[in-house]
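Have a look at the structure below before the remarks.
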Amino acid sequence: MQRKNFTEVAEFIFLGFSIFGNHQITLFVVFLITYIFTLTGNIIVITVICIDCHLHTPMYFFLSMLSSSETVYTLVIIPRMLSGLIFYNQPISLGSCATQMFFFAMLAINNCFLLTVMGYDHYVAICKPLRYTVLMNKGVCARLVCGSFGTGLVMAVLHVTAMFTLPFCGTMVDHFFCDIYPVMKLSCIDTTVNEIINYGVSSFVIIVPVVLVFISYILIISSILKIPSVEGRKKTFATCASHLTVVVVHYGCAAIAYLKPKSENAIEKDLLLSVTYTIITPLLNPVVYSLRNKEVKDALCRAVGRISS
């Protein structure tokens, strides 16, 4: 009954990068170019993996799923962000905001667990090579991907349901998309329960994957150190370097963004951090896996050769 005492809010307005004033056009150009590279890179990775039979392995299947998830993830956020840099104070309805938050949370959590699955795949390939084809058969791979997606789906439903049962008084979102904490600040009532839910879910989807990846790499390193030749150790570790690079950046940004104490005076820092995990991190995936991975580069060369011939 308390809800009737509040004025019903029908839409929000993103403040976005308004604090950067005249630099917004420059930001638009930089973000647009980065977004084009991100989309192009992820689409190339997905296409090359699909058409090249040499890449039809569990590792590249998981990579294609991660690239697909990252592509949709950026589509949910970046086009509206770019539009906001040109056309100021664009409104978004509560329904659209809830939809954006749902897909953002679901895909971000999905990406966290896909990276964990890829770590497990490296562990099996290096520590149990003779049983690899049995342990990582098509059924197991499909279940691991579905498990990652299902976890993201459940957590996103929990987040959005808890958020949009709140009454809202404010309309100005101090962000460029419907992220959880900036929207929560607009509530008319105490949000302690929601903050606990947010912190609990964030801790689960960051700490659990980090611990699992950490355990995988301890076992991987212990196996690598048993390889007698230096060249063999280097070659084996090189197969994990791309994944490890993406893992450090991805989980590092997520932990700083969602596990650190919130400060009202850190708007610029929070915006720049959000740019990192919504724009830079999705670009990192195709760049790292393309430039550091010989098999992907060779497959790309074969694909280009077939097109040009």
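Using N, Cα and C of the backbone, Cβ positions are placed for all residues, glycine too.
Straight from TrEMBL, the features:
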TRANSMEM  12-37  transmembrane segment
DOMAIN    41-289  domain 'G-protein coupled receptors family 1 profile'
TRANSMEM  101-120  transmembrane segment
TRANSMEM  141-166  transmembrane segment
TRANSMEM  204-225  transmembrane segment
TRANSMEM  237-259  transmembrane segment
TRANSMEM  271-291  transmembrane segment
Contact between the transmembrane segment (237-259) and the transmembrane segment (141-166) (3 or more Cβ pairs under 8 Å, separation 6+): no
Of 12-37, 101-120, 204-225, 271-291, whichever stretch has the most CB pairs under 8 A to the transmembrane segment (141-166): 101-120
Per-residue pLDDT averaged over the domain 'G-protein coupled receptors family 1 profile' (41-289), given as an integer: 88
Beyond the flanks of the transmembrane segment (12-37) by at least 6 residues, Cβ under 8 Å: 74, 78, 80-82, 84-86, 88-92, 94, 97, 168, 171-178, 183, 186, 267-268, 271, 275, 279-280, 283
